[in-house]
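Below is one structure, written out as structure tokens; comments come after it.
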Amino acid sequence: MTFNYDVIVVGAGHAGCEAAAAAANLGSKTLLITMDMNKIAQMSCNPAVGGIAKGQIVREIDALGGYMGIVTDQTAIQFRMLNRSKGPAMWSPRAQSDRARFIDCWRGILENMPNLSIWQDMVQELIIEHGQVCGVRTGMNVVFRAGAVVLTNGTFLNGLLHIGRTQIRGGRIAEPAATGLTEQLISLGIQTDRMKTGTPVRIDGRSVHFDEMEEQPGENDFHKFSYMDTSHRKLKQLSCWTTFTNEACHDILREGLPDSPLYNGQIKSIGPRYCPSIETKIVTFADKTQHQLFLEPEGEATQEYYLNGFSSSLPLDIQLRALQAIPAFRDVQIYRPGYAIEYDFFDPTQLRHNLETKQIRNLFFAGQINGTTGYEEAGGQGLVAGINAHINCHGGQPFILGRDEAYIGVLIDDLVTKGVDEPYRMFTSRAEYRILLRQDDADMRLTEKSYQMGLAKQDRYDLLREKKESRDAIIRFAETYSVKPQYINSGLEKLGTAPLSHGCKLFDVVLRPQTTLENLADLVPALRAELDKVPASRKEEIIEAAEILIKYSGYIKREQIIADKINRLENIRIKGKFDYNSIQSLSTEARQKLTRIDPDTIAQASRIPGISPSDINILLVLLGR
């Protein structure tokens, strides 16, 4: 049988869910194909969303009309704002989620979404006609035709699990690998390679001595992931727990190194640099006598815990004995061991910025198959791929986010311009404009753009306008209201800041590190009256947004000037204007890389590793610049 759709999304992980939802919400008749409907949006590793830079991506997904933030708020069992000791540009939200409820919540959203159908099956073949993807064929020999296909296969393409010397074919533990697609794509000229990731043991909480661990409770303030006016902290809030490995534990781990797939030659692919296995830690940091571990709850209705910091592919008996050498885990029982997994990925420099492959029209890649790691990075790519798959079917300009607009823009530009030689994880340090890309203002940066193309709906846009009007009113008040020393100095001294020598605008007082709008409102009744005008349900969020803009106004303006200068180079298009191999004045490396990556603009060309300033100057001269 044959069925017809506009967009087909293959794989229902975090990238696939966002891709399918975006395409369907924009009006495309969409099909989401997954091997197991009970594993939709499965949190394959830790049951947490967000973290450094990752939390900003989730806020951006939400601001654009995606669902990861909403689902996380609905299922969070602990919330924390990381990096509070640093400036707001570095603040990053993170939440522990109830793993089972996270799946149920996502499935409920997708099953009730207009324009979206779900099919349980394995895709084994793409239908390609005249250099363009036209559909897929499944393991049941069902043909689905479509104008665009988004592949979001995660770790399932020829996945191979390792536990000691035991090897198991699969995409996750006890789940089959996906076969056929990689081989077909190779035959079509797509370059592929292998990567590795891993996950820790899952522990039975009934066997843990919690009284010998340090408790880490969450925070219960107004912060959340979604900008929508939805409830959060709905579930019972649970603590995480910390402890440390010790020398006895390390000695047992060293015993197992001859059987470690990482050290006996079984695994040849590269794993994530910033999430090393416990065996890698004891080898790389041999002088360390302990490593911190975090025990994270999997949900409010289960005894299952995730042991963050103990990722391993060592034999089962070594993992268990090493854990039992730690006092809090001396009686530990586990639900399953840690394991490593190798899987196929595709060189992302074969993609355009809209995540469409250069070789095959209307075929999009998103998520871990592009060489990234993390739910958030996958979700951001999936959203962009789903939007652009819809655009390819119905017409319009590609949806591309700039490096000064979103961490998602930084992520995709890094992938398609620089490529990857190890699993890519987002950090704030990767963004040159991180003061512009704060977690508090993703809605201000992105929701208008999404609303104009029809993805963000009216209720989201109305909340944005309300927030902006209230925020800007506070800032205007601070810019125009004058304060006099005789009325405020005694209060300023109590706050630990110098008294005024003369009158000034309230804005200048807010700039001081010791002051906030709230503590100044206790000294300035007119400011209190202004703050009381803010909608009560979002009062803290809006006041915080106004305060950040005031305190960082100078830095924000300076960074925006730099971004505007760089964006002039983004406007100089070079795609299709050069036969790079014929430009002998370019270095050999430059000719090869420019030909392979085929950058759209001078700015993108300048970010390709190995392209020198002199190479860029040659191109500018040839353009008459």
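Here the Cβ of each residue, glycine as well, is placed from N, Cα and C on the backbone.
So that you can see what the record holds, here are the features copied from Swiss-Prot:
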BINDING   Gly11, Ala12, Gly13, His14, Ala15, Gly16  FAD binding site
BINDING   271-285  NAD(+) binding site
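Close to the recorded FAD site, the chain also has Val9, Cys17, Glu18, Ala19, Thr34, Ala41, Thr152, Gly154, Ala366, Gly367, Ala378, Gly382: residues not among Gly11, Ala12, Gly13, His14, Ala15, Gly16 whose Cβ is within 8 Å of the site's Cβ mean position.
Of all the binding-site residues listed here (Gly11, Gly13, Gly16), Gly13 has the Cα closest to the Cα of Lys281 (NAD(+) binding site). Sequence-distant contacts of Gly11 (FAD binding site), defined by Cβ-Cβ distance under 8 angstroms and a gap of at least six in the same chain, are Ile33, Thr34, Leu151, Thr152, Asn153, Gly154, Phe156, Gly367. In the three-state DSSP classification, Glu279 (NAD(+) binding site) falls within a helix. Among the binding-site residues His14, Arg273, Lys281, the residue whose Cβ has the fewest other Cβ atoms within 10 Å is Arg273. According to DSSP, Gly16 (FAD binding site) is assigned to a helical segment. Most Cβ neighbours within 10 Å, among the binding-site residues Ala12, Ala15, Cys275, Val283: Ala15 holds that distinction in the structure as shown.
Within the same chain, the residues at least 6 positions away from Phe285 (NAD(+) binding site) whose Cβ sits under 8 Å from its Cβ are His291, listed in sequence order.
Taking Cβ-Cβ distances under 8 Å and a sequence gap of 6 or more within the same chain, the neighbours of Glu279 (NAD(+) binding site) are Leu253, Gly256, Leu257, Ser260, Leu262, Tyr263, Ser312, Ser313, Leu314. By the criterion of other Cβ atoms within 10 Å of the residue's own Cβ, the least surrounded of the binding-site residues Gly13, Gly271 is Gly271.
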